[in-house]
Amino acid sequence: MKYGIVGYSGRMGQEIQKVFSEKGHELVLKVDVNGIEELDSPDVVVDFSSPEALPKTVELCKKYRAGLVLGTTALKEEHFQMLRDLSREVPVVQAYNFSIGINVLKRFLSELARVLKDWDVEIVETHHRFKKDAPSGTAILLESALGKSVPIHSLRVGGVPGDHVVVFGNIGETIEIKHRAISRTVFAIGALKAAEFLVGKDPGMYSFEEVIFGGE
């Protein structure tokens, strides 16, 4: 598979290159704030950079008829409209979190929330000091799995890749469910699965849950 990275020189960009290269995939498109290096036509473009970069990413996907794996957070309606328009021409996977564990947790939370519908629920999320958006896209994703609005507490400290704790409480007992990303590698592994999934797919919007669970 030939692939491109938007945000190539960033921390996630470097992690993505490492994981993809270990599987023998060829980096043929590099995009960062310093410019664009186009070596060949990519099958898939991976973007974990910023919302401001999305117009250029969409332009490149259309130019090369390349699928898009998008892990950028803090997206607005205008960005989702760009993705919907792009998905008429190429396959797209957009997710706020490409950790397989988080997406398994999301499915589990939906069932737990149904059973514990009368319990109090709150979410605590912790990320590195450089993360700009709060609450995190992942916390919002987990909240959506609960099926209702709940308090979300955001901490920005040190170099934490990502901790999410969902706390259910009732009189006399609590349940805490925690997911911890040990390193950014987990997100790059998820991006790889999504990229390989997109190769040969018809145009359209695909969820990361479809990548993981298929038609289940």
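All residue numbers here begin at 1 and follow the chain in the order shown.
Cβ atoms here come from the backbone N, Cα and C positions, even for glycine.
Taken verbatim from Swiss-Prot:
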type	residues	note
ACT_SITE	His127	active site, proton donor/acceptor
ACT_SITE	Lys131	active site, proton donor
BINDING	Gly7, Tyr8, Ser9, Gly10, Arg11, Met12, Gly71, Thr72, Thr73, Ala95, Tyr96, Asn97, Phe98	NAD(+) binding site
BINDING	His128, Gly137, Thr138	(S)-2,3,4,5-tetrahydrodipicolinate binding site
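Ser9 (NAD(+) binding site) sits 19 Å from His128 ((S)-2,3,4,5-tetrahydrodipicolinate binding site), taking the CA atoms of both as reference points.
DSSP assigns Gly137 ((S)-2,3,4,5-tetrahydrodipicolinate binding site) to a helix. It is Phe98 that, of the binding-site residues Tyr96, Phe98, has its Cβ surrounded by the most other Cβ atoms within 10 Å. Between the farthest pair of Cα atoms in the NAD(+) binding residues (Gly7, Tyr8, Ser9, Gly10, Arg11, Met12, Gly71, Thr72, Thr73, Ala95, Tyr96, Asn97, Phe98), the distance is 21 Å. Annotation for the binding-site residues Gly7, Gly71, Gly137: lowest Cβ count within 10 Å of the residue's own Cβ, Gly137. Looking at Ser9, Thr73, Thr138, the binding-site residues in this record, the fewest other C-beta atoms within 10 angstroms of the C-beta turn up around Ser9. Gly7 (NAD(+) binding site) carries neither a helix nor a strand DSSP state and counts as coil.
Other than the site residues His128, Gly137, Thr138, same-chain residues with C-beta atoms no more than 8 angstroms from the centre of those residues' C-beta atoms, the (S)-2,3,4,5-tetrahydrodipicolinate site, are Thr73, Tyr96, Asn97, Glu125, His127, Lys131, Asp133, Ser136, Ala139, Gly162. In three-state terms derived from DSSP, Phe98 (NAD(+) binding site) belongs to neither a helical nor a strand segment and is classed as coil.
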